[in-house]
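> Quick one: the structure is below, and I'll ask about it shortly.
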Amino acid sequence: MSSVRIECVAKEGYRIGESPVWDEKEGALLCVDITGRKVCRWNPLTGETQAIPVDAPVSSVALRKSGDYVITLGTRFAALKWKEELVTTITQVDKDKANTRFNDGKVDPAGRYFAGTMAEEIRPAVLERHQGSLYTLLPDLSVVKHFDQVDISNGLDWSLDHRIFFYIDSLSYSVDAFDYDLQTGKIGNRRSIYKLEKEESIPDGMCIDTEGKLWVACYDGGRVIRLDPETGKRLQTVKLPVDKTTSCCFGGKDYSEMYVTSASDGMDKEWLSRQPQAGGIFKITGLGVKGIPPYQFAG
């Protein structure tokens, strides 16, 4: 795979860059900076990034069928009107827990917004265990809770036939699969399909390609890995020039470009001087596979 090219396209220095999503209508890449408390949109034509500040840690962003975006903000699902820079709360979860926040989220093929929570971190990846849960915001704006006892609710996606839901609870160092019922949104029969190697470190964000293979960003592992969910085998490793790779998605005109977000939180001056692009957004080309367009929240 000598044709693989990695380029830092947005040197934003995000504290925790996350949740990259390609917005085809805008021809732009969305993402968030969780601890930097902003939702960002990077334009590949101008190279410029617009940012909308918010009032709490913002951990994921998704497209909305009716226009604009939905986000997970603190322990709230919220709507974001981009031009007006207006955020309105849809609903709140984890009301009984003072120290949790949402983490990664993504919309399923039926237009439901899945997102999970975690305890607030003391230091990167150091936190009170088992405080998180996995939720779904339904198109009627009601919320379903799937399960709790989660450490760091993270990467999620669906198989191409929509019958399997893939999910990462980071501190289990595992990529898991559930049977998925697209009609009801119910999940069951959880099993591990891949355990991370020591040098791969912590599994973070995840996306799927048109061949049904999973791509997982490895936090503190400085790489994205491609997995075959059927065989449980790693097919490819792409190393990046930063350690704290957080998430990945496909984008560009034909979804042949991969975008990878990264973080700089928890890095001291010396570490940052060795990795000046930490917190940037990276574009990977030449992978030879494409992704699928993101689903839109139907509510």
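For all residues, glycine too, the Cβ spot is worked out from N, Cα and C.
Pulled the feature table from TrEMBL, pasting it below:
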| type | residues | note |
| --- | --- | --- |
| DOMAIN | 16-264 | domain 'SMP-30/Gluconolactonase/LRE-like region' |
| BINDING | Glu18, Asn154, Asp204 | divalent metal cation binding site |
| BINDING | Arg101, Asn103, Glu121 | substrate binding site |
| ACT_SITE | Asp204 | active site, proton donor/acceptor |
> Given Arg101 (substrate binding site) and Asn154 (divalent metal cation binding site), what distance in Å do their CA atoms have, once rounded to a whole number?
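Arg101 (substrate binding site) to Asn154 (divalent metal cation binding site), Cα-Cα distance: 12 Å.
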> Which one is it: of the binding-site residues Glu121, Asp204, which Cβ has the fewest other Cβ atoms within 10 Å in this structure?
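Selected from the binding-site residues Glu121, Asp204 on minimum Cβ neighbours within 10 Å: Glu121.
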> Quick one: which residues besides Glu18, Asn154, Asp204 have a Cβ within 8 Å of the divalent metal cation site's Cβ centroid, in sequence order?
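For the divalent metal cation site, the extra neighbours are Ser19, Asn103, Asp104, Ile152, Gly155, Ile168, Ser170, Gly205, Ala217, Tyr219, Thr246, Ser247.
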> Applying the rule Cβ within 8 Å of the centroid of the Cβ atoms of Arg101, Asn103, Glu121, what extra residues of the same chain belong around the substrate site?
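Once Arg101, Asn103, Glu121 are set aside, the remaining close residues are Ile34, Pro57, Ser59, Thr100, Phe102, Thr117, Met118, Ala119, Glu120, Leu127, Ile152.
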> In sequence order, which residues at least six apart in the same chain have a CB under 8 Å from the CB of Asn103 (substrate binding site)?
Ile34, Ser59, Ser60, Thr72, Ala115, Gly116, Thr117, Met118, Gly132, Ile152, Ser153, Asn154
> Among Glu18, Arg101, Asn154, all listed as binding-site residues, which has the most CB atoms within 10 Å of its CB?
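Highest number of other Cβ atoms within 10 Å: Asn154.
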> About how far apart, in whole Å, are the alpha carbons (Cα) of Glu18 (divalent metal cation binding site) and Glu121 (substrate binding site)?
16
> State the Cα to Cα distance, in Å, between Glu121 (substrate binding site) and Asp204 (divalent metal cation binding site), rounded to an integer.
15
